[in-house]
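These notes concern the structure reproduced below.
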Ligand code: DGL
């Protein structure tokens, strides 16, 4: 199975997939040459994602592709499903479970700048949270913070506090009790986000639901691992070395360029 993200965010989905399907061979693809997707236009993201997934599925013939990225999914899921024959599972903001959990009726949504402006998010809000207040905030610097954290480098905690303060400062923001982490990178900063928002806030993201959906779609299929699970990176330069030890902790023992 192929898991695709612009960077290391999709590892939060990989973690949950492993729990349900430990024998499923994984190729994890990071389009780090295109990172960050959040500051790109819809056309740029759609072109990269469909082009890369087309070439990757042709080369590796995965049984299933998971777009483990909210930005790519909310922009390009429909288009990619139309052009590829393989089943595609997307990652979209967990507004539905958040709406079921909130007691105050006020939900914060942290995503990339591109994700929070998508009509896909408007539709989820309309369908599942029409009677709630959904406050959206684009937090691009959290993507870089998560990448740095996984490289074992110091990262900017001030950006995390700023994101929490910005949501709190919006009208009604003082009543936020549930925050949707609408970017797969953000659960990697769970501890720091919990500190910034305080103990009364619950975080919701889609990784477990996505893993369950993948398990449902592949139910009854036999999995066997012939080669080591690996990570593909589209970027050049020696940055891959910085990620190698962390990737091994996720069971991704091979690291290649695509
Ligand atoms: N991990 C991606 C997401 O879920 C986006 C990060 C980025 O490339 O900006 O939205």
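From the backbone N, Cα and C atoms, a Cβ is placed for every residue, glycine too.
Curation does not apply to TrEMBL; its annotations are automatic.
As written in TrEMBL, here are the features:
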- 5, 6, 37, 38, 70, 71, 184, 185: substrate binding site (BINDING)
- 69: active site, proton donor/acceptor (ACT_SITE)
- 183: active site, proton donor/acceptor (ACT_SITE)
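Positions of TrEMBL features highlighted on the structure.
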| residue | record | Cβ contacts under 8 Å, 6 or more apart |
| --- | --- | --- |
| 5 | substrate binding site | 11, 13, 29, 30, 31, 67, 68, 69, 72, 184 |
| 6 | substrate binding site | 30, 31, 32, 34, 35, 36, 37, 69, 71, 72 |
| 38 | substrate binding site | 71, 111, 112, 113, 114, 115, 138, 140, 143, 183 |
| 70 | substrate binding site | 91, 92, 93, 111, 112, 115, 182, 183, 184, 206 |
| 185 | substrate binding site | 7, 8, 9, 12, 142, 143, 146, 147 |
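Figure note: comparing Cβ neighbours within 10 Å for the active-site residues 69, 183, the maximum is reached by 183.
The record gives 5, 6, 37, 38, 70, 71, 184, 185 for substrate. Within 8 Å of the mean position of their Cβ atoms, the other Cβ atoms in that chain belong to 7, 9, 36, 69, 72, 112, 115, 143, 183. Residue annotation for substrate gives 5, 6, 37, 38, 70, 71, 184, 185. The furthest Cα pair among them is separated by 12 Å. Under the DSSP three-state reduction, residue 69 (active site, proton donor/acceptor) is assigned to coil, being neither helix nor strand.
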